[in-house]
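Taken verbatim from TrEMBL:
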TRANSMEM  12-34  transmembrane segment
TRANSMEM  80-100  transmembrane segment
TRANSMEM  106-126  transmembrane segment
TRANSMEM  138-155  transmembrane segment
TRANSMEM  175-194  transmembrane segment
Amino acid sequence: MSTRLGELRAVPWRAVGGQALVAGVLLVAAVGLRESVGDVLVWLGLGVLAAAAASGLDEPSAAVVAPTPTGRRRRTAQRLLVPAVLAGCWLASTTVLVAVAGGGTLSWPALAVTGLGVLLVAVAAADGMRRLGHDEPGAPVAMVVLAVVLGLVVLQPLPGGLVVLQAYEFPGRSAVLWAVLGAAAVTALWWSTVDPGALSRRRRRGRSGTRR
């Protein structure tokens, strides 16, 4: 188990746990303050949860990673266990929120698609930065995600009446937007986890085939 999941030993658990705790507090408060600022707290909680997911890809101490050479994709797959757990927490908390709200006022599918889309975009951005040589992309990605979430909360609806973060309509333009962004994030994540050596070999094979 230690060799299979050795990458998890390099996860900055203190940062991830702290951010996840803050997100949990915000989401619990959203349930209690549903009639006043509940919506705002839900999206702020999602933003902090996305920050925690991005921090899960930080590599502050590469020395503690298992010394056995593993491919980039396998290493990233181990790290993705962290955002996967956080995604489960989001789905569970929104289930409780919808149950408490009652009356069909909230749409769980809308919350689920939006939340998973935000988490996927944050994780893909963090892994893209990691591929470019940034060992700790969590902090900058977290700042951008939180700034965007705050901006959307303040400025919504956008021109054309688009509400990017919404929890009431499914299917709708917002859900389609986050489904597309989530799919794009998965594609980007797949590309960014290709081992550089394997990519170079493919290019060399392609060139040799062209010469023939």
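Glycine is no exception: its Cβ is also placed from the backbone N, Cα and C atoms.
Nobody curates TrEMBL annotations by hand; they come from automatic prediction.
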Restricting to the same chain and to residues at least six past its boundaries, which positions have a Cβ under 8 Å from a Cβ of the transmembrane segment (12-34)?
41-42, 44-46, 48-49, 51-52, 55-56, 58, 60, 82, 86, 89, 93, 96-97, 100-101, 136, 138, 142
Against the transmembrane segment (175-194), which of these stretches has the most C-beta pairs under 8 Å: 80-100, 106-126, 138-155?
106-126
So which residues does the transmembrane segment (106-126) touch in its own chain, when a touch means Cβ under 8 Å and the partner is 6 or more beyond its ends?
42, 46-47, 49-51, 53-58, 80, 83, 86-87, 90-91, 94-95, 97-98, 137-138, 141-142, 144-145, 149, 165-172, 174-175, 177-179, 181-182, 184-186, 188-189, 192
